[in-house]
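Visitor: Checked Swiss-Prot, it gives:
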type: BINDING; residues: 29, 30, 31, 32, 33, 34, 75, 76; note: GTP binding site
type: BINDING; residues: 29, 30, 76; note: Mg(2+) 1 binding site
type: BINDING; residues: 29, 76; note: Mg(2+) 2 binding site
């Protein structure tokens, strides 16, 4: 309907083009996910099926949007980092965030049975999303460090909380009151002395979250026998707060 008398309504649209030459982070979060996990009988404090499904949905997002150089996930959230030179949807914030969150949600629903089997999906989940800009490499590393530190803090608290509720028979309010004002050392001591749980021995995924990135792997051609290095998307549960990770995989932030 080009050049029609109604075309003026386009002038009401607000421009939302993101700044050039900065890292774009699209962070998605589950909306009312506590209710969703309760309705679908998620194990507490961590449900391996749910975490694996989140990782799978995020992996498919990374395949669909190759401008994503690294992604980090914990619980019901995922952060996708798009390279500085990304020109996806001409860097329109609303288009980028809505496309990524809708694709993530569709993959979550589509692949539900792969991870939950005959456990029925009673209603689809909802995720919100936003774009945040980070100008420097140090900023983006600090952002990812913040999310991984948050993973540890939340998981330590939840591990203690559910141990008190499920193993010690505390009510939710009693468990909250007992944990109020405690620090990491106290929580670790509680887990070990009262529940024989060594927090450091829990799966790394629970404590460190999930990192998706392109990792160099050696592949051998079956016909020629020649081996060459290729980059493949992998999901790992590693420390990204220390510089060791970034020194081992410098190409991640070199993808500008």
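Backbone N, Cα and C atoms are what each Cβ position is placed from, and that goes for glycine too.
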Visitor: For a quick check of packing: other C-beta atoms within 10 Å of the C-beta of residue 31 (GTP binding site), how many?
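Guide: That number is 12.
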Visitor: How far apart, in angstrom, are the most distant Cα atoms among the GTP-binding residues 29, 30, 31, 32, 33, 34, 75, 76?
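Guide: It comes out at 13 Å between the most distant Cα atoms.
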Visitor: Check the DSSP secondary structure of residue 76 (GTP binding site), expressed as helix, strand or coil.
Guide: coil
Visitor: Using the Cβ center of 29, 30, 76 as the Mg(2+) 1 site position, which other residues in that chain lie within 8 Å, going by their Cβ?
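Guide: The surrounding set, listed in chain order, is 28, 31, 33, 75, 77, 127, 128.
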Visitor: Measuring CB to CB from residue 32 (GTP binding site), give everything in the same chain under 8 Å that is also at least six residues away in sequence.
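Guide: Result: 126.
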Visitor: Tell me whether residue 32 (GTP binding site) sits in a helix, a strand or coil according to DSSP.
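Guide: It is coil.
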Visitor: Rank the binding-site residues 29, 76 by the number of other Cβ atoms within 10 Å of each Cβ, and give the residue at the low end.
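Guide: Relative to the other binding-site residues in 29, 76, 29 has the fewest Cβ atoms within 10 Å.
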